[in-house]
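Participant: Before I ask anything, here is the structure I am working with.
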């Protein structure tokens, strides 16, 4: 779990996760209430630091991730480093807590301490009845979908880093495993318009995608669409080589990301994922 103090570093953290051989099976940004935070950290109840931890963990969004790898718990804790970020900077300077944490509470990330804890904590965020408050705000926003091929290639973190480095704010993130009917409904505006419609649907259903509510200054829809680039990566490479599709796209269907085309659809597309599909 990425804590509020490191949420602005999620692109780099996700890239580090992939670079270290983990698969991300689930992901969701949420705001925890005090009661939810107390439930999550119940083993620390009554300890001297508990109230400080509660105030901090409810002070902003967190990003929960379900990670999968051989010896995942041990390897993730090793990648995190010592609990106190000050000690981590001396003992494990390349660890996540050394790089992005501040002290023993504001220490960038949480990691499950056992297989049993991992099961309880992933259920807390991802079980079907776990309705945590989304961080999506459905205003002054646009949509980005990192397509399954880019997730499989392990470049989702690099895409998120590029988005953040270009002045956009990742206001909400969630991993979705799309069903055909939902993908058809989402891309319906392109049916009969784009020859690639059926292949676009197939691609969106071919594995997990990462959906992001993008916020920023001014006309965020236009600015982000310009940054994504032409739908054909070959065209993008020649005309707009610094765009996301030029850097990460493969062809017209596997072009790394979907972004909202029409300004009037921006909030509607965000609502489709973060509201309708979350019900």
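Backbone N, Cα and C atoms are what each Cβ position is placed from, and that goes for glycine too.
Unlike curated records, TrEMBL annotations are generated automatically.
Since we're looking at a predicted model, the values are computed, not measured.
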Participant: Among 3, 147, 152, which residue shares the ATP site with 49, 77, 83, 97, 107 according to TrEMBL?
Facilitator: 3
Participant: Between residue 83 (ATP binding site) and residue 110 (active site, pros-phosphohistidine intermediate), what is the CA-CA distance rounded to a whole number of Å?
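Facilitator: Spelling it out, the Cα of residue 83 (ATP binding site) and the Cα of residue 110 (active site, pros-phosphohistidine intermediate) are 9 Å apart.
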Participant: What is the interatomic distance between the Cα atoms of residue 97 (ATP binding site) and residue 110 (active site, pros-phosphohistidine intermediate), given in whole Å?
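Facilitator: Computed Cα spacing between residue 97 (ATP binding site) and residue 110 (active site, pros-phosphohistidine intermediate) is 9 Å.
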Participant: Same chain only, sequence gap of 6 or more: which residues have a CB within under 8 Å of the CB of residue 258 (active site, pros-phosphohistidine intermediate)?
Facilitator: 143, 144, 145, 147, 204
